[in-house]
Amino acid sequence: MLKLSTNKASPQARPRQPADKSPSGLSIVWREIVQDKIALVSFILVAAVTLFVYVTSLLLDQDQIVRVDLFALKQPPSSEFLLGTDQGGRDIFGQLIIGTRNSLTIAIVVTLLTGIIGVLVGLVSGYFGGTIDNLLMRVVDFFMILPFLMVVIAFITAVPNYGITAFTLIMTAFLWLGIAKLIRSKALQEREMEYVQASRTSGSSHLKIMFVQVLPNLSSIIIVTMTLNLAANIGLESGLSFLGFGFPESTPSLGTLVSYARNPQTLEMRWWIWLPASILILVLMLCINNVGQAVKRAADARQRKG
Amino acid sequence: MWRTVARRTTIMIPQIVLLSILVFLLARSMPGDALTGLIDPSIDPAAIEEQRVKLGLNNPWYEQYWDWVTNALQGDLGQSFRFKMPVTDLIGERIANTFWLSLATLVITYLIAIPLGIISGRYNDTLADRMITGYTYIGFAAPLFIFALLMLWAFGFHFGWFPTGGSVAPGMEPGSLSYIMSKLYHLLLPATSMALITTVTTVQLLRSEIIDTKHKDFVHTARAKGASESRIYNRHILRNSLLPIAAFFGYEITGLIGGTVFIESIFSYPGMGELFLSSISVRDFTVVTSLVLLYGIAAILGALLSDLILSMVDPRIRIK
């Protein structure tokens, strides 16, 4: 595996490691990101935005930002309000920071939850196979065919006490399916490998084989899927919030800021309300996708750059 | 071949039954029932109770489900309390608009995808290919609603080249030439906005298919026989590379469903997606659940179509 990837990088460039040990998954990923300039810039940008948003939102007073100020309605950008104010006189810049933090947080939480459920179900289903696997995959196929957006919106309207928890759970309920299907197909291939049979013959339990031996071999594909899903989930959250089915009104998110543009007057005359959030969503999704593509190459030794 | 078609179609039946149960449960868990919108609050509760019994609203859920399914099969999806008309008629008014929007989007999608895919696959690693690949990267990452908003802002408001809402200019005579032209004019911006985003997966797919096919033996044979480059590309390679794209067609329909909801909302285009959103905001739930059912069936049919095309063009994957 290592030999295939040595075409470009000089031996001095790689981290010093014992010769008999192959580099860990994360160090391969990191090397690939550093080799790809676009991915590196993207990674730094995402990290900077994330850090800035989480740190600044600690200093900001959220109640003050979402409070209506009748003396400062629809103000264009100025030194007092860096990005102007909305129809309630609320500072857009402050909302942008808190909104980005909220959007990122929910995207990360949903990505982690769907990742855990999807990997568990996919691994068990693919490793054991048989009737349960068959039945499970039929159900997964069915839910994956359904028009995701409509069904999720319908569920969101049907839930009685709608809030952020309900939103996270509904998103999670529909989004683990794809991961489960992917991991299942990989686990199916993996269980036919000789090392699994050897381990089984030497008396390892199924649990040990699945989680200690098979899972590490799937780690790169899991990292790739999670990275690309993180970008997709930011898009989904902001899309749903844009339509009015994401975060509740009082909680700013990137999507709710863009949703102000559904008012034609705001769209036409007051770009400072919706454009910054739109650009931020675009940049975040593009950058995370770029990192994801680099990670994807890292997962496939033949395509690596470094 | 016919056995495959029959098998694949039978798989669809449990899917549709499962969908109908899901939609029924959704409908029941939404607040209100068939009577909520109709009655006057001053009516005696005993009379309401009598009506409920008469309409079968107090029956066990499986009986209600059965009634609902038999009615739906006869084309009766209930009443919209907002418009005071049968849901079937209401959807009938909107379905044509969404159909035209989807059709226009599909046409533009393929009009963009096929030339770009061919250029990018045939001349890969040239400047043109790099620009096209760059576009697909951005289009893949950009969410549809933001791109559509930017398009509306730029071409609808700022330059004023296109109408910013509706499906036809007011006061037109239906059926006249100017009516049709106005409809097309209103379709153009929303359909192009959606197509520019949805096309990127097809461009990427076509590009990698062409690059794969380029190195196949039959291409070398054709070249050895002295066939011209354009003949090799247009006849030999393109035909083989278009097969997976044809098979992808059914799934495009599923993709369009989500897309039209955003596009119709942004461009205030009176189709089914716009009806779906506005019905939720006024809590007209009979319409909402009926639309989920219809869209679900459309998606199931789209998947069926894709699998059938795929089994037609590629005999290896026919279901045994």
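Cβ atoms are placed via backbone N, Cα and C, with glycine included.
Per TrEMBL, the features are as follows:
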- A:1-10: compositional bias 'Polar residues' (COMPBIAS)
- A:100-292: domain 'ABC transmembrane type-1' (DOMAIN)
- A:1-23: region 'Disordered' (REGION)
- A:38-60: transmembrane segment (TRANSMEM)
- A:104-128: transmembrane segment (TRANSMEM)
- A:135-156: transmembrane segment (TRANSMEM)
- A:162-183: transmembrane segment (TRANSMEM)
- A:209-232: transmembrane segment (TRANSMEM)
- A:271-292: transmembrane segment (TRANSMEM)
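Ranked by number of Cβ pairs under 8 Å to the transmembrane segment (A:271-292), the listed stretches A:38-60, A:104-128, A:162-183, A:209-232 are led by A:38-60. Cβ atoms under 8 Å from those of the transmembrane segment (A:209-232) belong to residues 25, 28-29, 107-108, 111-112, 114-115, 119, 123-124, 127, 175, 179, 182-183, 186-187, 190-191, 195-196, 199-200, 284-285, 288-289, 291-292, 295-296, 298-299 of the same chain, restricted to positions at least 6 beyond its ends. Long-range contacts of the transmembrane segment (A:104-128) within the same chain: residues 50, 53, 136-137, 164, 167-168, 171-172, 175-188, 190-191, 206, 209-211, 214-215, 218, 222, 225-226, 229-230, 233-234, 237, 247, 253, 284, each at least 6 residues beyond the stretch ends and with a Cβ under 8 Å from a Cβ of the stretch. Long-range contacts of the transmembrane segment (A:162-183) within its own chain (CB-CB distance under 8 A, at least 6 residues past either end) are made by residues 106, 109-110, 113-115, 117-119, 121-123, 125-126, 136-137, 140-141, 143-144, 148, 151-152, 155-156, 218, 221-222, 225, 229, 233, 236-237, 240, 246-248, 251.
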